[in-house]
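Here is what Swiss-Prot records for this protein:
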{"type": "MOD_RES", "residues": "Pro3", "note": "N-acetylproline"}
{"type": "MOD_RES", "residues": "Lys14", "note": "N6,N6,N6-trimethyllysine"}
{"type": "BINDING", "residues": "Asn123, Thr173, Lys177, Arg295, His327, Ser379", "note": "substrate binding site"}
{"type": "ACT_SITE", "residues": "Lys175", "note": "active site, proton acceptor"}
{"type": "MOD_RES", "residues": "Lys201", "note": "N6-carboxylysine"}
{"type": "BINDING", "residues": "Lys201, Asp203, Glu204", "note": "Mg(2+) binding site"}
{"type": "ACT_SITE", "residues": "His294", "note": "active site, proton acceptor"}
{"type": "SITE", "residues": "Lys334", "note": "site 'Transition state stabilizer'"}
Amino acid sequence: MSPQTETKANVGFKAGVKDYKLTYYTPDYETKDTDILAAFRVSPQPGVPPEEAGAAVAAESSTGTWTTVWTDGLTSLDRYKGRCYDIEPVAGEENQYIAYVAYPLDLFEEGSVTNMFTSIVGNVFGFKALRALRLEDLRIPVAYVKTFQGPPHGIQVERDKLNKYGRPLLGCTIKPKLGLSAKNYGRAVYECLRGGLDFTKDDENVNSQPFMRWRDRFVFCAEAIYKAQAETGEIKGHYLNATAGTCEEMMKRAEFARELGVPIVMHDYLTGGFTANTTLAHYCRDNGLLLHIHRAMHAVIDRQKNHGIHFRVLAKALRMSGGDHIHSGTVVGKLEGERDITLGFVDLLRDDFIEKDRSRGIYFTQDWVSMPGVLPVASGGIHVWHMPALTEIFGDDSVLQFGGGTLGHPWGNAPGAVANRVALEACVKARNEGRDLAREGNEVIREASKWSPELAAACEVWKEIKFEFPAMDTV
């Protein structure tokens, strides 16, 4: 036997496979203020103990692999490994558990949502020992929060830029989402803005198609904004979607928007990717642009209650990556959103400090310190009859976005915008007078419609429209 072979043998390295729980299940571990904490909903395969399943998640999302390797001896696994420190059964579910995992902060690159997700969810979701796995929540430590810029501007700066206070902001997605020429698209924008909306919006899949190239759309929308501002005396905006096939093209579009002098651009942050989104957010802060975020593709990731990533995690990630608005569901419209859970992640978007509250799906106390907040956007199947509920549920710091609920008005876009603005102002006035919008909302709308024919027509059109289906999500 050669001396080199003898040296390897004397190290004491023992090859083979051993249970993850021997190394990565540590119920006595006391979490540190600097740890990133994760709550996973774990559904083990039959015969796999929950401790082994939780430990496998901790291992495969940090330092572990399927077998012992000799290079483990070249570093301090105890310093760098993830730890499953607690497991609790899910009430009412068979063989399903919440596994809590702590990750040392040194595992993550500063200021990179991309790296954080690559580590925590990048590989473990295909693990054979698990039937299903869902990331329910993350606790981001202050030490890591401070490595991110976050939203380009935040709620208060946006209000100051727009000179709009004391009420939710009103928006509208231009429909049909695809097929309009740039000039007709700009005309629709102008009609909505002059009628009383604060914003109009590109739909998420409006990029630069043959029927409407991005530069033409940007120019005609800018013309519409300036014309509506001159007529109304209010600051207006249109979410110009800068999402593109490459980061370079995305930045070219954002730069052109800045040159036009418009106040806001837009990005599809999940399909575009976190690296692109963070790059755009930094540019927007440096150049005075607001950034509207659409969550296209989120339901592919978050809708199944046993597998994937809950939207509250995607919302936290967006606040870190950067965005001034993000779509958050409506509770009352056509897209899914259970009230308490939706308001849980709305608070995670807006507030500085959010206490743990399992009844709202918040597994960890989250301190955002000085990071600006994000305005939640309620959009999808809403109309004037929903205005009291939306005002009561979301409060002033929100954007209420009516696409079909504006453009579907029987008299046209501008009257549709008037109807929404009148309904909103009536609801805010009633709330400020101490009226209960949850009980008196319909009466508030009826009273306002007596002096607004535009609102009366909208009330008649949508009086029978409801979207009532059971929610998929559970706490």
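Every residue number used here counts from 1 along the chain in the order it is shown.
Cβ atoms here come from the backbone N, Cα and C positions, even for glycine.
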Using only C-alpha positions, which one of Lys201, Asp203, Glu204, His294 is spatially nearest Lys177 (substrate binding site)? These are the recorded positions in the record.
Asp203
Of Lys175, Lys177, Lys201, Arg295, which of the recorded positions has the most Cβ neighbours inside 10 Å?
Lys201
How many Å separate the Cα atoms of Glu204 (Mg(2+) binding site) and His294 (active site, proton acceptor)?
7
Minimal Cβ count within 10 Å, across the binding-site residues Asp203, Glu204, points to Asp203
Among the recorded positions listed here (His294, His327), identify the one with the smallest other-Cβ count within 10 Å.
His327
In angstrom units, rounded to an integer, how far apart are the Cα atoms of Ser379 (substrate binding site) and His294 (active site, proton acceptor)?
10
Grab the substrate binding residues from the record (Asn123, Thr173, Lys177, Arg295, His327, Ser379) and give me their largest CA-CA distance in Å.
36
In this structure, the one of the binding-site residues Asn123, Thr173, Ser379 whose CB has the fewest other CB atoms within 10 Å is Asn123
Asp203 (Mg(2+) binding site): nearby recorded positions from Asn123, Thr173, His294, Cα cut-off 10 Å
Thr173, His294
Smallest Cα-Cα separation from the residue listed as 'N6-carboxylysine' among the recorded positions Lys175, Arg295, His327 is shown by Lys175
Cα-Cα separation of Thr173 (substrate binding site) and His294 (active site, proton acceptor), in Å?
12
Apart from Lys201, Asp203, Glu204, which residues in this chain have a Cβ no more than 8 Å from the mean position of the Cβ atoms of those residues at the Mg(2+) site?
Thr173, Ile174, Lys177, Asp202, Asn205, Val206, Tyr239, Asn241, Met266, His294
Cα distance (Å, whole number) from Arg295 (substrate binding site) to Lys175 (active site, proton acceptor)
18
Could you check what DSSP calls His327 (substrate binding site) once collapsed to helix, strand or coil?
strand
